[in-house]
Structure formats: structure tokens, C-alpha cells
Amino acid sequence: MTEEGPGIVSLGKLRRPRMLRLWGICRVQIFSAIFMLMSPAGVGAGAKDDFSLVHPLVTMEQLLWVSGKQIGSVDTFRIPLITTTPRGTLLAFAEARKMSTSDKGAKFIALRRSMDQGSTWSPTAFIVDDGETPDGLNLGAVVSDTTTGVVFLFYSLCAHKAGCQVASTMLVWSKDDGVSWSSPRNLSLDIGTEMFAPGPGSGIQKQREPRKGRLIVCGHGTLERDGVFCLLSDDHGVSWRYGGGVSGIPYGQPKRENDFNPDECQPYELPDGSVVINARNQNNYHCHCRIILRSYDACDTLRPRDVTFDTELVDPVVAAGAVATSSGIVFFSNPAHPEFRVNLTLRWSFSNGTSWRKETVQLWPGPSGYSSLTTLEGNVDGKDEAPQLYVLYEKGRNQYMESISLVKVSVYGTL
């Protein structure tokens, strides 16, 4: 891949923000914690993935960003994304909204990195700056190529057509685990100028056939290209094209309450090689719950007959987190409430998301918004570690956009 101009933004040029007081790790039942501490050593490092070992336990929480002009004079931090690079580095991203809480307006893309499994984080770096654009950038989706080690970050410009006429899908990438980034690449010549809002969340790289190695980034459109659809790359991110999509109903027309209108979405791969896309149900069609789409050809097509509704995943119309581990555990996070963005809850499934375990972990009872998930599995720094789950989410006491917080969860419940 040829980088377009120097465009390298080095971390470390910004001073470390002052330490912030935590709002508290969510409560964990004492007897459950004691039981897990007394469990056999087999559930620690080197343990074989086994559903019977899964007892998610929060082991750490810390704030990464606080709104209110406390970091770099940024008014509001929103839209959290988190990913694990092929080398095991954690990268956390957010929209840094310069002047207001609005989805429109000028922004930075904020980044923090962790190289010690989330214990410590680099100072905030602003890796993209849209200047004073009236309808600036919007995150976004991040995906890594395990073969090349390159991390790709997608975002949109002029998504709302406010003071501008042409939407663009933009891409930056890093070859060194987020230390430096390329200049932005405009994908309009490849995919056109129909508005495509990636994610928000993570893309995936197919780990199984069909199309093993394919990069997939899913998102949603507006009236120009209605519904949920995906970007695909079969050459390690050199070129991108549109794959399958599912349109809203009525197509190309303004939607009303209870119309079918899939929106922000998160893909993950199942053990059989199929791809599930967990989507926001923008107009509460059928239920106050999640729309589930499934593709059996690596998102070349998305068929209406493969669309279902998960009534167990009650949802207040929000961007949620979803991820599948290498052993087939599916995790899901959202504000578990039919109307309000409160009660950020973690759920998990041993049946590919067709059913969910009755036990849950409440991460925050109060105002909570968008969330993003990633896992750290297998060999880390030469050690075979038990799997860890990371939840990056919007958290507040009065409003969910007051901060962005990181929770670390031990999948096997070990400290």
C-alpha cells in the first residue's frame, strides 16, 4: 500500500492529561468473586477455552476521556471505538467534538494506546483534524489485517449535508500499532459519494472460509442508499468495494415510527464462517430490540430472509457492542432498557447469539450510551493468557455523554 503524502502524526506531542477520579467499578457479588478465586488454577493462564469456565468478572475500570473542555479544550467526547491489534496493543478512539455535543460540527479523532493489557494508557493524541468544517467527521469503524499488521480506521465527512453537498468516506491507516498514521484517503473514486456511515465499532477480518482473510466493514446510509450495507476488501485493504446490503422499508423515503430501518451496526463471525450483523432498530420495527442480519457468503449478499429480531436484546435505539471470541462465545453490550439510555449491561451467548445466558453483568446503572467491545486472547508477551474482554462506553451521572470509560472483564472470572 502506498501512503498518500507524509501525513504522519506522532504520539507524545501532547501532554498527559491530569489523573481523573474514577466513578467506581460496578459492584460484583462477593460470593461469586470468592468462588472464582477458589477455583482450580486451570481457569488461569493456559486454560483451554470451555464454556463451563465462563464467569465474566469486572477487574478494572478507568475513565479515558471526560467532556467539558478538560482535555484539549474539547467540548464533548463521544462515539467510542476499541480494538486489539495483531500485536496485542489496545487502541481506543473517540470523536472529540470541539464546540458542542452535536453530531454535526468540527471534530478531532482522539486516540489513546495501551501496551500492557489496558492497565496504563498513552496521553490523548488527535490523529485527524477536520478544521472548522460545519459538518465534520463522524466515526467510524476500525479493523486490523492480521497478515500485514495494518490497522484501518474509517470515518465519514458531510454525513448530514449541513453546509456541504457531497459526502465522503475517509480512511486512515497505521503500520506501527497506532504510533503514526497516514494522510486521509478519500474513497469516493472507488465507492462513490453516497453517504456511508461506518459502524460505529469494529470491522472484522474473516478467520474462516468462505473468503478467509477478507476485511469487512459494515455501516448504514441515508435516503441515497437506504439501510445497512458493507465495504469489502480482498487485497489487504488496498482496494475497497461495496458488498451486500438490506434496504429500509419504504426504500428511499422518509421513515415513520415502526418502519423497518436498520441503522448503526456491528458485524462478527461465527464458527461456521457466517457473519452476523447486529443492528440498531432505528424506528422500533416489530419490537424495541435489535435487528439481526446474517450472511453466509462473507457479506457478498445480505438476504431479507436472513433478517430476524432478537427480542431478548431489549434496546432503546442505540449503537451497541458485539464481539465473538475464537471459541465461539458471543458478547453483547448495550443500555438494557426499552426506552432510555441507562443500565449498561453485558450479556453473553454460547449458542451463536440465538439465545442468551440468564446471568448478566451490570456495568453501570445510570446514564450510558454507545459501547464498543474487543477481546485479548491467546499468547500475550510470550505467555498464554486467559481471555480478557474490554468494554469502552459512554458513561455519566446525569447525561451519558459526560465521559468515556473503559471496563476490563476477565472472561473466566480470574483476577
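Using the three backbone atoms N, Cα and C, a Cβ is placed for every residue, glycine included.
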Residue among Arg87, Arg97, Arg294, Arg357 sharing the substrate site, where Swiss-Prot lists Arg78, Glu264, Arg280, Arg341 as binders: Arg97
Range among 40-43, 288-291, 392-395, 412-415 that Swiss-Prot annotates as motif 'Internalization signal': 412-415
Which listed span Swiss-Prot calls motif 'FRIP motif', if the choices are 53-56, 77-80, 213-216: 77-80
Whole-number Å value for how far Asn352 (N-linked glycosylation site) lies from Asn343 (N-linked glycosylation site) (Cα to Cα): 24
Residue among glycosylation sites Asn186, Asn343, Asn352 with least C-beta crowding, 10 angstrom cut-off: Asn186
Helix, strand and coil residues within the repeat 'BNR 4' (347-358) as assigned by DSSP: 0 helix, 3 strand, 9 coil
Within the repeat 'BNR 3' (231-242), residues counted as helix, strand or coil by DSSP: 0 helix, 5 strand, 7 coil
Alpha-carbon distance [Asn186 (N-linked glycosylation site); Asp103 (active site, proton acceptor)] in Å: 21
